[in-house]
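Undergrad: Not my notes, these are from TrEMBL:
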- B:ALA496: site 'Determinant of potassium dependence' (SITE)
- B:6-27: transmembrane segment (TRANSMEM)
- B:48-77: transmembrane segment (TRANSMEM)
- B:83-106: transmembrane segment (TRANSMEM)
- B:127-153: transmembrane segment (TRANSMEM)
- B:165-190: transmembrane segment (TRANSMEM)
- B:283-303: transmembrane segment (TRANSMEM)
- B:324-342: transmembrane segment (TRANSMEM)
- B:362-382: transmembrane segment (TRANSMEM)
- B:403-430: transmembrane segment (TRANSMEM)
- B:436-458: transmembrane segment (TRANSMEM)
- B:534-553: transmembrane segment (TRANSMEM)
- B:601-621: transmembrane segment (TRANSMEM)
Number of protein chains: 2
Amino acid sequence: MQSNMILIPIALAILGLLFMLIKMSWVKKQSPGSEKMQQISKSIKEGALAFLSAEYKLLLIFVLIASIALFGISMFVETTSWMIVPAFVIGAIFSALAGNIGMRIATEANARTAEAAKTSLPQALKVSFGGGTVMGLGVAGLAVLGLSLFFLFFTNHFMSSTGDFYGNMTIVLEALAGFSLGAESIALFARVGGGIYTKAADVGADLVGKVEAGIPEDDPRNPATIADNVGDNVGDVAGMGADLFGSYVATVLAAMVLGNYVIRDMSATTQFTDDFNNMGPILLPIVIAGVGILASIIGTFLVSIKNNDAKEAQVQRALDIGNWGAILITVIASYFLIQYMLPETMQMNFFGEGSKTIPSMNVFYSCIIGLAVGALISMVTAHYTSLGKKPVLDIVKNSSTGAATNIIAGLAVGMKSTFLSVLLFAAAIYGSYELAGFYGVALAASAMMATTAMQLAIDAFGPIADNAGGVAEMSNLEDHVRERTDILDSVGNTTAAVGKGFAIASAALTALALFAAYVTFTGIDGINIFKADVLAALFVGGMIPVVFSALAMKSVGKAAMEMVQEVRRQFREIPGILEGTGTPEYAKCVDISTKAALKEMILPGLITIISPILIGAFFGAEPLGGYMAGVCVSGVMWAIFQNNAGGAWDNAKKSFEAGVEIDGKMTFKGSEAHKAAVTGDTVGDPFKDTSGPSMNILIKLTCLIGLVIAPILGGHHSDAELSPNQVIESIEALNVANFEVEISVIEDKATATVLYVKDGKSFKETYAGSETSVRADIEKLKNSLK
Amino acid sequence: MQSNMILIPIALAILGLLFMLIKMSWVKKQSPGSEKMQQISKSIKEGALAFLSAEYKLLLIFVLIASIALFGISMFVETTSWMIVPAFVIGAIFSALAGNIGMRIATEANARTAEAAKTSLPQALKVSFGGGTVMGLGVAGLAVLGLSLFFLFFTNHFMSSTGDFYGNMTIVLEALAGFSLGAESIALFARVGGGIYTKAADVGADLVGKVEAGIPEDDPRNPATIADNVGDNVGDVAGMGADLFGSYVATVLAAMVLGNYVIRDMSATTQFTDDFNNMGPILLPIVIAGVGILASIIGTFLVSIKNNDAKEAQVQRALDIGNWGAILITVIASYFLIQYMLPETMQMNFFGEGSKTIPSMNVFYSCIIGLAVGALISMVTAHYTSLGKKPVLDIVKNSSTGAATNIIAGLAVGMKSTFLSVLLFAAAIYGSYELAGFYGVALAASAMMATTAMQLAIDAFGPIADNAGGVAEMSNLEDHVRERTDILDSVGNTTAAVGKGFAIASAALTALALFAAYVTFTGIDGINIFKADVLAALFVGGMIPVVFSALAMKSVGKAAMEMVQEVRRQFREIPGILEGTGTPEYAKCVDISTKAALKEMILPGLITIISPILIGAFFGAEPLGGYMAGVCVSGVMWAIFQNNAGGAWDNAKKSFEAGVEIDGKMTFKGSEAHKAAVTGDTVGDPFKDTSGPSMNILIKLTCLIGLVIAPILGGHHSDAELSPNQVIESIEALNVANFEVEISVIEDKATATVLYVKDGKSFKETYAGSETSVRADIEKLKNSLK
């Protein structure tokens, strides 16, 4: 049993997928409503599927090229097996599949939710949350299944009882990184493409429909309506599904890699052994992930309301109970799992501080720090973006003097929200590292991500409810249906904001864990920004998220303009369209969004993927580390800034729907202040749904690429480090890889550092004394290695 | 002569100040125009002086507290003399003086420029540029005079022919850093306070005047008009003067400190000597600065136009000739100065690469890199912000679909402009470092700043012309007067944008030079972001510019709202105000801006100053280095983003004045698209005139504070680095400071590092071998030090 511990997550993943199938068939069994509703639902589904299949075709080319490149790497790098290629391809396919499952169920659930809302709010919640549950379990199940099956397969293939454990495990994890790379690359394109699609349609539909023609949201007379609803599915659902799939895999992978370093550190004196095939610290994160699926399933049962007259607060509480229930179960399980699977104390090397003895409970405390900081960051996010709180009210107040002051206020809110978020985040890094090194950091992230299934269920039910409202509006259902779906939608907006707090915190911690794995893997002496090339790379890295965001926003602006022109044209040219007698050409608008999204997602995607490769290839491992850090620092700021500014603008606009008091006067929809708030919301749209959420993927993907290409950077690193009085020794005669000597002589003292890799382990020897004695020492070492 | 080289910059600074006095009396001799014009000019001057004196009173408290703190530091730190306190105070006074001189001449020159424009454009240029010249020479003259006099005094006081040169010079430069710290602190408050003042008045005046009441800019019926014009002077003139004074001093200081390290490195084998009291590398930057003043004076003679019908292009060319003339003279002079003052080859330690031999000409090439990159960044800036170029046209085009798309486009332009700017900047770091280490980086910055007098003259003439236009408008002068001042104003906007390119590039390079000086000074082993505390501090540092910008923007928004309310009140309550028969209460608006600016500048200022002190005190030297790097990386991005977005919005709005083609139709002022562009411009106002330009000061001040408190961080550093198996040796018995031993034993090999400071020099010894032998080696070393 213990030695087959990997079977546990496999079993739990399968359980999750089975439960998903049950839930899926339950949702499909619900009444899909009138023919008109089915028709609308079908149009949305077809538009979304058409986009996804066009997207996948384009991504096929990317996967092909990347596979060839990875195969090339695996050919001339010892620690990379060619099996990274199938792992990469399957990762990409699973990621697409995760998005696809979510999208299909969401487009099935929308009309069914509207239909259920005809009779009861509890039932509408059940259907929409059921749809979310399918998606959440699909993502989590596929992620854990893929990771653990590949891990099982790779360990059987590469690990031998005789060979060097650390070296072989490195090959296993490097191949497994391919799975994560595939998932995260697809996630990037899906997020950016979906984000451009949805916001081009949304902004375009709003600008002409709401503002110019004065017709309500989701009105069937608006030619961009279907595109708008398709957008919700390809952006908020499929994009988010692929995104979280990628995050989840990357987080678990990073923790596994760092677990391998723990084993290496502990094997420095005597070979590490435990009851789990000697790989307890590596297996722990994936077992926790598996348990998180089970906890999420239990959590979904806790989500229900009884009262048909329930308001936002009750729905919110139902979701909170489910969410925190799942988290609590996971925490308790983690406590026992950590006690069970980790040795009581562990030896870890702390950079610059030598080896420390760490009690395994420190790892648990790191998890708690992760969860606490995640929850606190979510609270900060909620504070800055919620209706009725000071920041949003501030924006509302500033709307009374026009769009300009509304925008200034919104930007300021987004920027200001970085303060507490970043302090908390810095505290999480510091605290979890102090407790258990970068393994602690990785497990803090893993703890945050463990209940991904549940969190995604909560996140995904929002767009389903939103779409249900659209279906209700387009099929002219009674007002109370829309009111009920609006309650669900509104709660969905809040949970989405809270989810974003967890998402960015866990993404950043994961990125740091990957960064740590990268530094350890390359064997470089940390990332020292007192070196000019590293510092320059730090700046270049810091620029990437900014330019990425600019490209995404510009794409949205461009596509929205095209959409506006097209809608205006239809209003002008199709007779009777505004009276409801002419039929708009919905397909043309769908087509514009599709083409724009596919075209515009390429450049930001390629910049993300190619830049780190170029930096690594031309400047070496340490500058690439600086680049990664720059991307992370800047990416975190811009993610928080954009997400929160966008969220705050959105709710400032929504405040006018119920009416708000400005300078003692009640102000409503349709007022000048409301118009200013609509402008702010439109600016915020690409912030919060296109560029903002892409930042998470950007920073993780950057670090993942670094980790995957790390094995080929060793040589460059030595180049970059070479100075006139360094000597590269020929390694041909030696039984090691990458033998580097650095001697520096100051006054009459010489110091020398020798770096070399033997049996997959890197060694560093330091000598000091007179130049003659140091050179003699090095000769002695060389002879011992021949 | 050679040994009194410091007298050269003193003489050149005095020459500059004399020329300034001549120019000042010439400007004052020009006709100040009609009584009404004089009256208006006087109101502006009085408002500005009232603000400045209120500001200075508040800053007196700050200077007092900071002086006490500095005195405290000097009491218990060996390398800091109490003379840092007078240096700090004089630095603060000079900075205020520099702003004050500029502000006084600008308020004198505005009406005189308007009067001159009655008869001729060449004369108007002469007067306005004359005003700018006074300011430029005042700033540069005071900076060079203050620095070189203090340097002369301190070297006479602290340097003895017998003592340790490096140690004594460190005390000299540490005291001199006080001068820079004083200048930069005042600059920060002046920039933020002035920026809030000017934009609160501007935004307030525009929102009610232009947008609501439909009266033109600078109309005397608008109660906020005087406040608006006062704002131009306290923000764009006094704020900029203090800012550039601080920049200039910081840049020269950083280069001098790094010059001292060059001398230390070269003294490693034999004591460095040269004909300049053995301090050629330290004196070089200040001599170049002195020569820059002379070159600027010559340059000002090249600025003139002949033709009364000249357009923007001719005026621009006249300024370009002057600017590039001055730069060319400085470059040629630098070539000979470098040959003359530096040894033919220099030994420099490159971190992690050991000692390298650098030909002195490499320093010259670094200067060329600095100038080339500065010019290229300016071109990039110009591209993204100039009328008629694609980015601005893009914003114009996006204005046709409303304010939201205008804003999205403007944000995207600002964000995108970071791409080339940062790449160029990274290339400058990399290139100048490769050529001549951080001394090269510092001299690249010095070269950019050398012609500060000329650049400031060009920068300052813009607001003078802008104010002249205001005076013309308010005194109902003939239209051709306003046309002429508008030509000057428009050129001023372009040169301001170009100047900003230089400013941010030089500020960032200066910050890096200070950063390098800090790392070297503290003797830490670089800044390694693979340590969790350093990484956490990097994130916290990255957050500071964002929050700083948020506070500045929010302050502008808040004060502008108050201004709007007040103007609305006056329009409502003062009879006949809009018909021109009632007199607005200008003073009330001036008062609102003054109070808001003073109140709101405090928090961002204190955050900037206190945060690095807290980080240093609680976490030690290396995390503080990470914090500095975070501030620099993030600050550079946000500076470029905000400045360029603001500039682009401004010119997108201006495009409508001459009319622009959108989708084949000519669109003018007053159109819906123009209104959208006005909204964008209003959002851009605080970006480009409040938060954006403050970033430069923020990053430099952060690094300066680090440098000043560096001496007290040594102890914390050793704490932070300690791990269970490290041993702190008692230093009481030893003849050294700060003796630290780190021993780490892995398998049967021990390595040890010993750090200690002797005679102001820090030493690092490394030992390896068996644990016994290593401990014996350390004992041996200890005995040798007793």
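Cβ from N, Cα, C; glycine included.
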Undergrad: Determine whether the transmembrane segment (B:165-190) and the transmembrane segment (B:48-77) share at least three Cβ pairs under 8 Å, counting only pairs 6 or more apart in sequence.
TA: yes
Undergrad: Who are the long-range neighbours of the transmembrane segment (B:601-621) in its own chain, taking Cβ under 8 Å and residues 6 or more past its ends?
TA: 58, 62, 66, 185, 188-189, 192-193, 196, 522, 524, 533, 537, 540, 544, 547-548, 551-552, 555, 627-628, 694, 698, 701-702, 705-706, 709-710, 712-714, 716-717, 719-721
Undergrad: Can you say which of B:48-77, B:127-153, B:436-458 has the most Cβ pairs under 8 Å with the transmembrane segment (B:362-382)?
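TA: Answer, by Cβ pair count: B:436-458.
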Undergrad: Do any residues of this chain, six or more beyond the ends of the transmembrane segment (B:324-342), have a C-beta under 8 angstroms from a C-beta of it, and if so which?
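TA: Same-chain contacts beyond the ends: 5, 274, 276, 280-281, 283-284, 287-288, 291-292, 294-296, 298-299, 302, 360-361, 363-364, 367-368, 371, 447, 450-451, 454.
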Undergrad: Can the transmembrane segment (B:283-303) be said to touch the transmembrane segment (B:534-553) if we require at least 3 CB pairs below 8 Å and skip pairs under 6 apart in sequence?
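TA: Judged by the Cβ rule, the two regions do not touch, with the required three close pairs absent.
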Undergrad: Taking 10 A as the limit, how many CB atoms besides its own sit near the CB of B:ALA496 (site 'Determinant of potassium dependence')?
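TA: I count 26 other Cβ atoms within 10 Å of it.
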Undergrad: Determine which residues of the chain contact the transmembrane segment (B:403-430) at the Cβ level, with the cut-off under 8 Å and only residues 6 or more beyond its ends counted.
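TA: Contacts with the transmembrane segment (B:403-430): 369-370, 373, 376-377, 380-381, 384, 391-392, 394-395, 397, 441, 444, 501, 504-505, 508-509, 512, 636-637, 640-646, 648-649, 652, 675-677, 679-680, 683-684, 687.
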Undergrad: Can you check what DSSP calls B:ALA496 (site 'Determinant of potassium dependence'), collapsed to helix, strand or coil?
TA: helix
Undergrad: Cβ under 8 Å, sequence separation of at least 6 from the ends of the transmembrane segment (B:48-77): give me the contacting residues as numbers and ranges.
TA: 83-85, 88-89, 92, 96, 99-100, 103-104, 107, 178, 182, 185-186, 189-190, 193, 197, 230, 233-234, 238, 590, 593-594, 597-598, 602, 605, 609, 708-709, 711-712
